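According to Swiss-Prot, the feature domain 'GH18' maps to 68-506, an assignment based on sequence analysis. If you look up Swiss-Prot, you'll see GLN186, GLU187, GLY213, GLY214, TRP215, SER216, TYR257, MET323, THR324, TYR325, ASP326, TRP486 marked as chitin binding site. Among the features that Swiss-Prot reports, active site, proton donor is placed at GLU256, with the record citing sequence analysis.
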Amino acid sequence: MEKEEKSNLIYDKDPGYVWDNKNECEGAAEETYQELNYEPSISADKLTWTPTRLAKTVFNTYEDDDDFNVLCYFTDWSQYDPRIINKEIRDTGGRSADILRLNTPDGRPFKRLIYSFGGLIGDKKYSADGNASIAVRLGVATDPDDAIANHKGKTIPVDPDGAVLASINCGFTKWEAGDANERYNQEKAKGLLGGFRLLHEADKELEFSLSIGGWSMSGLFSEIAKDEILRTNFVEGIKDFFQRFPMFSHLDIDWEYPGSIGAGNPNSPDDGANFAILIQQITDAKISNLKGISIASSADPAKIDAANIPALMDAGVTGINLMTYDFFTLGDGKLSHHTNIYRDPSDVYSKYSIDDAVTHLIDEKKVDPKAIFIGYAGYTRNAKNATITTSIPSEEALKGTYTDANQTLGSFEYSVLEWTDIICHYMDFEKGEGRNGYKLVHDKVAKADYLYSEATKVFISLDTPRSVRDKGRYVKDKGLGGLFIWSGDQDNGILTNAAHEGLKRRIKNKVIDMTPFYLDSDEELPTYTEPAEPQCEACNIK
């Protein structure tokens, strides 16, 4: 696991974290690798537990005097790493992402931070008691019975400790006693919401949004949307949160998925129509500090249709955060990209693309392009026992298969590596070459990259600075609203820098020169309106 000692992107060993004037986790990542016998050149089925702190923070800042925005989902579990406070723990770990990394000089890397996620009282699919005990801890309900009887459908943070009590990686240097209900407000909060407050105090123009739901917590949406009492409770819960945290000005509803199957959530053909009623009720509430409502939408055209997006826009939705990732997940034995811009329609291996989804929204649903935001990913999708039938090295369209969907290499969950893992163990962007036997391959048809090792037979589909810059250029060429990252706690800056540079923004404060990371000598890649290179006719690239 050799690394360039003078790298501008990564430390040569885990620097640890200073807590209560002590650093008891310096070198913890390396101790974890040793404990688990993790070796990137041969490991195909292990979790690495690689923390974000191994990556150096290199966010540049850029002029943002155009009509595009770059947004950031930031997760409420990203601050944790038990190795920081217990030096006996080395066989597991956490992301250890410091929210104050985003407090950059001379501007901000993101227009808006999106707190992810608020849960729902009464969601017994997520929590056996429907988050009732959490509602009591936060002072929203007097007891569990009251929570379910009178507050079902309201949104609350589902981890009070991480949301308003934690200190580590949230901008606070020591533990202070306090109950969650006492700190569940902007003035007194610690935790991630307290960290958001610190960022707000440093930059009054930085926007904040609350995202409700997500993959794991969408189980109650269908019931809420169809029930007048629960809709009212839902709106009252939003009011309560925005009163407690007036720095928030935007709302994001991440229902996965209205009218379609998500994580086994209840759904109905009436979800789309009911969703529009729910949005209208939020709009009619006229919450004083609520300036915009976005939805997180699947990039699958069938799910877009079921969500009733034109009616949602009419009811008050101002932005669509198109989840243009996870196109590849394990299941059918065929390799494909997980966040590609284009797709060859004749390719039976790939099902989705950014361009397919954007075109469907604009041409079929008549959505204003400025309301559409596309996502870039700080994580990968992987497969093992993979065989690539495209020749390597090559810039041809990806074709390949895999035969094992079990326990594939990942950082904190199987088959998913996070950005710090990539730059530490699998790709050296400063040298422009793979690490530990992996090779980076560019698919010119899809405008996407992947890593592959002949030794481990592991396939890694990922975003790179090159692919994210292409996404920025796509946004600019199509006149979309902008881009967002899932998730900002995974990126050390070079993916987000690439998004800004794809939008052709002028740099204000340079922390790092991005030029080498694009892995080409052509500073101006071909535009999509007038390609300067041969394109696959089947891809409908115009």
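Backbone N, Cα and C atoms are what each Cβ position is placed from, and that goes for glycine too.
Here the features listed in Swiss-Prot are painted onto the structure.
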residue	record	Cβ within 10 Å
GLN186	chitin binding site	17
GLY213	chitin binding site	26
TRP215	chitin binding site	15
GLU256	active site, proton donor	23
TYR257	chitin binding site	26
THR324	chitin binding site	29
ASP326	chitin binding site	18
Where the record names GLN186, GLU187, GLY213, GLY214, TRP215, SER216, TYR257, MET323, THR324, TYR325, ASP326, TRP486 as binding chitin, the maximum Cα to Cα distance in Å: 38
Between GLU256 (active site, proton donor) and GLY213 (chitin binding site): CA-CA distance (Å): 8
TRP215 (chitin binding site) to GLU256 (active site, proton donor) - Cα separation in whole Å: 6
Arithmetic mean of per-residue pLDDT over the domain 'GH18' (68-506): 96
ASP326 (chitin binding site) in three-state DSSP notation: coil
